[in-house]
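Taking it in order: structure first as structure tokens, then the write-up.
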Amino acid sequence: MTVSSSPWALMALFLMVSSTMVMAIPPRKAIDVPFGRNYVPTWAFDHQKQFNGGSELQLILDKYTGTGFQSKGSYLFGHFSMHIKLPAGDTAGVVTAFYLSSTNNEHDEIDFEFLGNRTGQPAILQTNVFTGGKGNREQRIYLWFDPSKAYHTYSILWNMYQIVFFVDNIPIRTFKNAKDLGVRFPFNQPMKLYSSLWNADDWATRGGLEKTNWANAPFVASYKGFHIDGCQASVEAKYCATQGRMWWDQKEFRDLDAEQWRRLKWVRMKWTIYNYCTDRTRFPVMPAECKRDRDA
């Protein structure tokens, strides 16, 4: 796919057209809170900096180590959001991740992974979903903005019916509950939220051909928001005590509406560079869950 030389103009046109239509129902508005309300550092504490009373956090990667943090609680379903500004400049080999994951061998996982690139080349956003330890469900898109220039909002809506990935309230991917088709769906393993910044130059950029240029270090990823609105559960819990009664379980959040599907189609047509659902070399038979992905 060829990236437009004027993504800002395309985005302005898209938003102008959207404003003339009935707007989709987004998830509940995220509530920004300090880092320490919901999260704790997990490794390389000296490579993290907090500002403004913990309302902003920086993760720092150098040639010695990356760093990361995780949520205090574990959750079954909810809405999870973060404002992130990615490292700038030549970031080939550098990965910034924001994801949910359980901890056992047959784990569930819902991933945002931002793959760095050479200066002048667009960063790539990879999403993936693991169920029962099975992943290999990668989708990759170019973003329609420079994610290192300002904060943008990356969100996950997870309920019994679907998982939706949002960028600035625009849906970029859905993963539908296809249990009736024999596909496992994350519904009984509480997950923590994690974020990390690390060197992955063995695979992240052009399959590992582009290596991290440490002359450009340190690499800094910045965070704000730290929003969690989920059903908190113990790691041993198999169901959410409020299952079926929370706002994310209601009818309007069980599927995308027409406007959201239109926006998702725009992402597919203009910005998608890889979708495992359409990779017949890798998957000669379409994976069963892709039958629920109406835009595949």
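Yeah, the Cβs are placed from backbone N, Cα and C, and that goes for glycine too.
Listed by Swiss-Prot as binding xyloglucan are Gln126, Thr127, Asn128, Asn136, Arg137, Glu138, Asp202, Trp203, Gly207, Arg282; the candidate from Glu113, Glu289 that the record includes in that site is Glu113. Cα of Trp203 (xyloglucan binding site) to Cα of Cys240 (disulfide bond): a span of 37 Å. Cα of Cys277 (disulfide bond) to Cα of Asp111 (site 'Important for catalytic activity'): a span of 17 Å.
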